[in-house]
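Participant: Pasting the feature list from Swiss-Prot:
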REGION    51-368  region 'N-terminal domain'
DOMAIN    72-346  domain 'Pyruvate carboxyltransferase'
BINDING   ARG80, THR254, HIS285, HIS287  3-methyl-2-oxobutanoate binding site
BINDING   ASP81, HIS285, HIS287, ASN321  Mg(2+) binding site
REGION    491-644  region 'Regulatory domain'
BINDING   ASN532, ALA536, ASP563, ALA565, PRO625, ILE627  L-leucine binding site
Amino acid sequence: MTTSESPDAYTESFGAHTIVKPAGPPRVGQPSWNPQRASSMPVNRYRPFAEEVEPIRLRNRTWPDRVIDRAPLWCAVDLRDGNQALIDPMSPARKRRMFDLLVRMGYKEIEVGFPSASQTDFDFVREIIEQGAIPDDVTIQVLTQCRPELIERTFQACSGAPRAIVHFYNSTSILQRRVVFRANRAEVQAIATDGARKCVEQAAKYPGTQWRFEYSPESYTGTELEYAKQVCDAVGEVIAPTPERPIIFNLPATVEMTTPNVYADSIEWMSRNLANRESVILSLHPHNDRGTAVAAAELGFAAGADRIEGCLFGNGERTGNVCLVTLGLNLFSRGVDPQIDFSNIDEIRRTVEYCNQLPVHERHPYGGDLVYTAFSGSHQDAINKGLDAMKLDADAADCDVDDMLWQVPYLPIDPRDVGRTYEAVIRVNSQSGKGGVAYIMKTDHGLSLPRRLQIEFSQVIQKIAEGTAGEGGEVSPKEMWDAFAEEYLAPVRPLERIRQHVDAADDDGGTTSITATVKINGVETEISGSGNGPLAAFVHALADVGFDVAVLDYYEHAMSAGDDAQAAAYVEASVTIASPAQPGEAGRHASDPVTIASPAQPGEAGRHASDPVTSKTVWGVGIAPSITTASLRAVVSAVNRAAR
């Protein structure tokens, strides 16, 4: 037995640590309704953010009241920050494919590499410059540390580019000052300002390029705010930006250390207090260590930032950078243009997966395989009703559904707006109900099941789902159709209709006669009857051979558009079968024609002189090129299901 097959072996594979149920005392003041207990986790090794860095208390904060109504300036860093985090960094071909995708999507600032640290990155920067691959409205960005020789190499890589952003950085956090640089505040600030002077010096040597500068106090979230401002202001004095040629100050959550509201407070404080703010583009670069990079980016943007750096689908060091797809489509879902084209999310995802050689998770917002899929019965029912309501509203407004305001429960956006279809919106497993079954039968198979039939058939599917490996597995649309056909369309015992001849009434109030050839338990016989329509006449004919059918409800519809469309008919009937049923002997009733009311009501339609003593109420379904044949097949289906 393999580890995957043995829970014990799987548990043992984790080594010495054993999960121990928390059994310590409750915390002081813990309410009686909370039964949780103290764990044995070594929480004493960690401390609150306010103790590790500093408390951030912003008075009169304004960001909680702001509504995001515009897109930030985006910068995609997939080719640098994303690439450096890959198990196998991108080849030149994969880099080029990612770059071309980002350009097509509409990103205007793209960080293309760290050319002073990697020959591959250097060569790629030269390639896209020399091949003229950079559109006129796109600015490439390159990263460098503040060391002079690395800055020189960076400018060499960008020589000949029409426009370029040189992004220089050094870490300013309390922890890195102490354990990495072993330097004081003034010494760390000098690293930044010396780097800025070197950048200005190098830019003068390459006048053919329009240079811009970005500075990041790396590990900003672990840096005191006053000190972060001090360093940025000092760098700004060296660069001397103007409103027309602003500097980018990028404030990265290099490591996410606290809740997004604290990050937002810090961004608003910096936005208020940075010198020469009108000449500064305030940029965010959130990582996802605590799983809240998207929230941090959105709140930080509301707090005064102008620009956001991130990666498609959140690739990046450790838990990744903020996801540009999620940020952009969050805006889109609230009616704000992200100024990026996400209209073919699957092409974007496939390209990213190819370039990164990493899969996008099935649950990743907007792009995962399952994000527009509902398994829950109540969710499926609500989605089904929402889509139907959209269609009805569009018909009433005499417009296309695609022009209607999107309002469908559980789906924040229309999957079709990002290139998905509705095929996978509802999938059925043991958690599903009638809504999901009805949706798939309608969208995949063209059958609009009446509500009570939905309930009946969903019970069939429930049994199949619960029996899938005993674990509540999924039932595919094909498996669902096979089950439906076996349950409603396939049975031919005890009754099978062979053919019929109908003499229709000349007027609406007249009598219709039918002569039909049927098989009863394999024996062919001819039956005849009359009524106020073909269905009533057929019911009357069946009564003469032992099948007492009272039609309780009836539905019909075309399964598609066009002259060659199949018709579907659904009959809910109370059926009593005489035993044994022999032609002309069992179940005979008065020879008066049978009348079926329209609409048929329980107990009224198809009733004969003597009420049945015992009966089964069942649904029958018929599908045929003509609605008459479909309705007769539905009656036969009901009889055969009642005989089970």
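Every residue, even glycine, has its Cβ placed from backbone N, Cα and C.
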Participant: Give the sequence-ordered list of residues that share a chain with ALA565 (L-leucine binding site), lie 6 or more positions from it, and have CB atoms under 8 Å from its CB.
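Facilitator: Listed in sequence order: ALA558, MET559.
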Participant: Within 10 Å of HIS287 (3-methyl-2-oxobutanoate binding site) (Cα to Cα), which of the binding-site residues ASN321, ASN532, ALA536, ASP563, PRO625, ILE627 do you find?
Facilitator: ASN321
Participant: Other than ARG80, THR254, HIS285, HIS287, which residues of the chain come within 8 Å of the 3-methyl-2-oxobutanoate site, judged by Cβ distance to the Cβ centroid of those residues?
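Facilitator: Same chain, not in ARG80, THR254, HIS285, HIS287, Cβ within 8 Å: VAL77, ASP81, SER216, GLU218, PRO252, ALA253, PRO286, GLU309, GLY316, GLU317, ASN321.
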Participant: Give the number of CB atoms, excluding that of ASP81 (Mg(2+) binding site) itself, located within 10 Å of its CB.
Facilitator: 23
Participant: Would you list, in sequence order, the residues of this chain other than ASP81, HIS285, HIS287, ASN321 that have their CB within 8 A of the centroid of the site's CB atoms, where the site is the one recorded for Mg(2+)?
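Facilitator: Once ASP81, HIS285, HIS287, ASN321 are set aside, the remaining close residues are VAL77, PRO252, ALA253, THR254, PRO286, ALA293, GLU309, GLY310, CYS311, GLY316, GLU317, GLY320, VAL322.
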Participant: Provide the three-state secondary structure of ASN532 (L-leucine binding site) computed with DSSP.
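Facilitator: Note: ASN532 (L-leucine binding site) is coil by DSSP, not helix or strand.
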Participant: How big is the Cα-to-Cα gap, in Å, between ASP563 (L-leucine binding site) and ASN321 (Mg(2+) binding site)?
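Facilitator: It is 55 Å, counting Cα to Cα.
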Participant: Which residue, out of the binding-site residues ASN321, ASN532, shows the minimum number of other Cβ atoms inside 10 Å of its Cβ in this structure?
Facilitator: ASN532
Participant: Taking each of HIS285, ALA536, PRO625 in turn, which of these binding-site residues have a Cα lying within 10 angstroms of the Cα of ASN321 (Mg(2+) binding site)?
Facilitator: HIS285
Participant: Please give the average pLDDT for the region 'N-terminal domain' (51-368) in this predicted model.
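Facilitator: Per the prediction, mean pLDDT sits at 97 for the region 'N-terminal domain' (51-368).
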